[in-house]
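*Asks:* In case it's useful when we look at the structure, here is the feature table from TrEMBL:
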DOMAIN    B:111-320  domain 'ABC transmembrane type-1'
TRANSMEM  B:12-30  transmembrane segment
TRANSMEM  B:115-138  transmembrane segment
TRANSMEM  B:150-177  transmembrane segment
TRANSMEM  B:193-210  transmembrane segment
TRANSMEM  B:250-277  transmembrane segment
TRANSMEM  B:297-323  transmembrane segment
Amino acid sequence: MTDHLVDVTDLAVDFPVGAPGSYVRAVDGVSFTLSAGRALGIVGESGSGKSTVAAALLGLHRGTGARLTGSVRVGGTDPATASPAALRALRGGTAAMVFQDPLSSLDPYHAIGDQIAEVYRVHTTATRRAARARAVEVLDRVGIPDAARRSRARPHEFSGGMRQRALIAMALACRPRLLVADEPTTALDVTVQAQILDLLHGLREEHGLALLLVTHDVGVAAESVDDLLVMREGRVVERGPVGEVLTTPTAAYTRALLAAVPRLDAAPNPAPPGGTPGRSPGEVEALGSGRSPGNGGRAGRGPAPQGNDTAPTLEATALRKEFGRGKRKVTAVEDVSLILHPGETLGIVGESGSGKSTLGRILVGLLPPTAGEVRHAGAAPATGIAPGAQMVFQDPVSSLNPRRSIGESIADPLRAAGERDGSAVRRRVEELLVRVGLEPGHYDRYPHEFSGGQRQRVGIARALAPRPRLIVCDEPVSALDVTTQAQVTALLAEIQRDLGIALVFIAHDLAVVRQVSDRVAVMRAGRVVEEGPVDEVYGRPAHPYTRRLLDAVPVLDPLLAARRRSARQEVYA
Amino acid sequence: MTGFVLKRLGSALLVLLALSVLVYALFYVAPGDPARLACGERCNPQQIAQVREQLGLNAPVVTQYLHFLQGLLAGRDYSGGAGLVLHCDAPCLGFSYQNDRQVTELLLERLPATLSLALGSLVIWLVVGVGTGLLSALRRGGPTERVLTVLTLAATGTPVFILGLLLLMAVCAYLQWLPFPTYVPFGEDPEQWAWNLLLPWVTLGVFESAKYARLTRSSTLETLAEDHIRTFRAYGVGERRIVTRHAVRGAVAPVIALSAVDFGTMIGGAVLTESLFGIPGLGKTLIDGVRVVDLPVVVGVVLAIGTAVVLAGAVADLLYALADRRVTLT
């Protein structure tokens, strides 16, 4: 057993909650081994305990009040009981952690090179100058251009992808034998994600590092690991070589998880896994009606009703939006024209900073365009929020007022529209709650009592309240787990079919957009570089940028992933 | 950067202009006739009329205000009667009713005492306040923190004059370690200056440091809970180094920003301390001026304090941007 770099046996972690002496079990009986040069992926949805396992490898639970049982050995050291000196040597020296959010994981006050040098000096007797040189060396290795100069920059001067590279550089600095990467690409665009995964892959080959990759994205794991562990509610439900787990999953949960992953190729999505445990009855019931989102979304509705006589729900012409003045002027949206008909869904995809959210805000009238005009249902362009247009926001946590009951939040647009009759408002809100798969009794509950998926349902109910003709959804599912994602997109499709409203679906996830949209517009640097029916854009992308985006999307087939990785490396070489 | 300084200067001037209108209105809102006040109690109506003429009080209010502004910017002349002309140089705030001295001169004379007091207590509250705050952040949950919290609360809850009085009685009356303080200008005898200001410094510094202790403690704890601290823990960086190198930096920016503002306020705000220890500073001048309705002095001190606060605000912003490079000044 000692030949394994990492040896975890029967690990259980309990976190203290509420009253002293009461605990909740986050990880329950997890065992695995990992040898040098191998890569193990742990996948699971939020709350499955995957990050808790990763943190245990570095003894990060020490001093937090968490209770660990079972045994963990990393390079022969038990991080839970090691002496402080041995623990410090382990952390960063033997095993280095690459954290998730590269913005908050670096000290904003110090230069990046200094931070890496500091870590290096903790583990070596290097001089200040030598440590600084090592920092530049590793920054250069992870592909930071002009590393010597850029090492003096502070984190906020780096882009998200560069910060993630810097964190990997910090991990490499002390030549560890194990990299523990906790959601290393979650905050990144697909093209950057592909680069980071390629980098991790390259480092593994070059230095014979072992990699433990924790991710919620099965596609990310498929590309990067040899073996896979599927976790759910603290337990391992399935394990095996990645190809086997992904192609012939044995556990029902793994099958459900894989089925819920939106795919670029298969157009209609199979039914989302019903009865996902841990969700509230309301959410499950909504699923129980057993409709598949793909069918609801597109099939069965036929081609988008283009060219019919009714006025388009939305007509945007030559939109342009600038922020700032003079030298600081930034053009966020440039020359965008769109038409949207009733009952149609237009997907807008693009990477961060492409202007897709700004465009969405202009479409509902939250932002005035600098030039161009937006017409709703043929009406003259108006200023202010367009009547009949609503928005569903990304973050279902922060877009609901935590101090007001969800019923009150849903009632807001009704009251704003002039409804004064209290019992009528309540009736309508209860109707809406049922409509989105919640219960009328939820009126008086508060946002914190709901799961992420349920909160997004509340957001949708709020958007539906004033009976809009158009709903703009800005990343409506990107904060949700895949199974919940599938449920929410199914709900949107169903509502659209029943009410005939037009949807604008803004997302960075190309697969989700494909699943729900009739037409798709690809945005880059404020412009729409390609627009057309989904099958055409995804099947025969005309613009090179669209092709690059599609190539960067992780695929579930490890063999295909490897082929595409080598293709990418040839392109970049 | 230059743009920021210019913008800030512009808005500072606007604030001061508005303030000058307000305090000038004091002349008319305050009880009593300015001419009678200026002339003294034993003046007969003719003499009062003469003074009124000399001070230009017969002109319309707006004209008087413009004269006042002119005096501030370019200086002005007062006719002292019988062909005598009194000239008052550029930042002219008029003459004190009490002793006919130029107010500007008076303020300049009083400023060093106030600055001495403010600077010394600044040093004390930074050292004591930040030190206490850091210590209680490090020993959170332990007995040290509880003791420090009690002391901090006691210092916040004790009015500054009680604190000063207790110190005076203890140190000067009972223990007789120090003579009762009298203000000695720095230029005369730096050593005596320091010894005599020691008690006022401690009084004001300790009083203010309570606020800084709480600020430092909470912002250090906040920084310690941030993700980048977790990063350095996960890389084996020792706890002491994490606090001294990473957590403190997060606490520094708000502390220096607030210090600059407090320092500005202290130019006029240390009234109680100045009165208690008999320090001839601006605060004491203001109180004395108000007591005898010496309007030009009151107006002058208020404007001086306003200038100090506005400048301190701008300096606070600059320091904040220097401490936290993510902040860009526009």
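Cβ atoms here come from the backbone N, Cα and C positions, even for glycine.
Could you place these features in context, so I can see how deep they sit and what lies close by?
*Replies:* Listed as Cβ neighbours of the transmembrane segment (B:115-138) (distance under 8 Å, sequence separation of 6 or more from its ends, same chain) are residues 144-145, 148-149, 151-152, 186, 193, 197, 200-206, 208-217, 220-221, 224, 243, 247-248, 251, 255, 259, 262-263, 266-267, 270, 273-274, 279, 281.
If one looks beyond the transmembrane segment (B:193-210) by at least 6 residues along the same chain, the residues whose Cβ comes under 8 Å of a Cβ in the stretch are 116-117, 120-125, 128-129, 132, 152-153, 155-156, 158, 160, 163-164, 167-168, 171-172, 178, 181-186, 262, 266, 270, 273-274, 276-277, 279.
Sequence-remote contacts of a segment are chain residues at least 6 beyond its ends whose Cβ falls under 8 Å from one of its Cβ atoms, and for the transmembrane segment (B:297-323) they are 4-5, 8-9, 12, 15-16, 19-20, 23-24, 26-27, 93-94, 96-98, 103-104, 106-107, 111, 249, 252-253, 256-261, 263-265, 267-269, 282, 285-286, 288-290, 329.
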*Asks:* Using Cβ atoms and a strict cutoff of less than 8 Å, what residues sit near the transmembrane segment (B:150-177) while being 6 or more residues removed from its termini?
*Replies:* 132, 136, 199-200, 202-204, 206-207, 209-211, 213-214, 272-273, 276-277
